[in-house]
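Working notes, structure below.
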Amino acid sequence: MAESNCTQATEFSLMGFTEDPVTQVTLFLMFLLTYLVTILGNLGMIALIRASPQLHSPMYYFLGNLAFVDVCSSTVITPKMLVDFISEKKGIAYAGCVAQVFVFDLFGMTECFLLAMMAYDRYVAICHPLVYPLVMSPKCCFQLVTGSYLVGLTNGTGQTIGVSNLSFCGSSVIDLFFCDISALISLSTSDTTLSRVILRTSASLFGVSSSLVVLVSYVAIISAILSISSAEGKRKAFSTCASHLTTVSIFYGTSLFMYLKPSSDSSKEDKWAAVLYTVVTPLLNPLIYSLRNKEVKEALRRLTKKMK
């Protein structure tokens, strides 16, 4: 009865990282620079792929979509966080909070599957090069990317429905820098069983399965690399795999930790874990997948020549 008579929260307060003004300015400048590099890097990657015929291959088709997803997921989180650093009132309306949950969970899960598709693409290219054109045909690539977005949409819709059924009659303070589904579930004063089941099922079924695809693909790739006779060839291949695995591990490791850990185990370290998969990974992806790639460098050189 008390639940039905409570006043539903219409706005949430985001705690952010600190209340110290000097630290807030420092963090504002740091995250602003990170966001600008992230947007410019990913948009530049999309433009380069579209403008360069030599990059019209499955690998870069996936990479272009990954760059688009990173732009969207960063934009739904970072601009609001930057505004909060320089604002006295760090609030977000209930509708805005739900929208943030939907968009971020949509693109977050889409990224999980795109990373898995990219790992599978590399596995086929390295371990089964003769059948690569057949397996990774344009139609197949389109279906894989479309499937990734549909899984993301399913995840975002499911999480949003779960949040919409929750009541927030007590504290409206979220101890994070954005509206995260797990934080909202912990904050709710109603029965959160359904929301927790949706969250854990989604993280286990989609997140763990896609991470296993990445793991199995790279184990096979590394096995193939070990058979290379050239020491220099092994070194270059391992260098590339190590850089790819670094960003993938950061993304999967921190996101699965956040959504599969017991809800009672929340801590201040969770904020920095969230920073890794919401801010750092979108920054690293264009750097790791493009700047270390000879084909991308060559395409950029040719494009620059044409523009002169």
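Cβ atoms are placed via backbone N, Cα and C, with glycine included.
Feature annotation from TrEMBL assigns domain 'G-protein coupled receptors family 1 profile' to 41-289.
Per TrEMBL, the feature transmembrane segment maps to 25-48 (among others).
The transmembrane segment annotation in TrEMBL covers 60-79 (among others).
Per TrEMBL, the feature transmembrane segment maps to 91-116 (among others).
The transmembrane segment annotation in TrEMBL covers 166-185 (among others).
Feature annotation from TrEMBL assigns transmembrane segment to 205-226 (among others).
Residues or ranges marked as transmembrane segment by TrEMBL: 238-260 (among others).
Taken from TrEMBL, the feature transmembrane segment applies to 272-291 (among others).
Between the transmembrane segment (238-260) and the transmembrane segment (91-116) there are 3 or more Cβ pairs closer than 8 Å, counting only residues 6 or more apart in sequence, so the two stretches are in contact. Only residues 6 or more beyond the boundaries of the transmembrane segment (205-226), in the same chain, are considered here, and those with a CB under 8 A from a CB of the stretch are 109, 112-113, 115-116, 119-120, 122-123, 126-127, 151, 155, 234, 237-238, 241, 244-245, 248, 252, 255-256, 259-260. Computed over the domain 'G-protein coupled receptors family 1 profile' (41-289), the whole-number mean pLDDT of the model equals 85.
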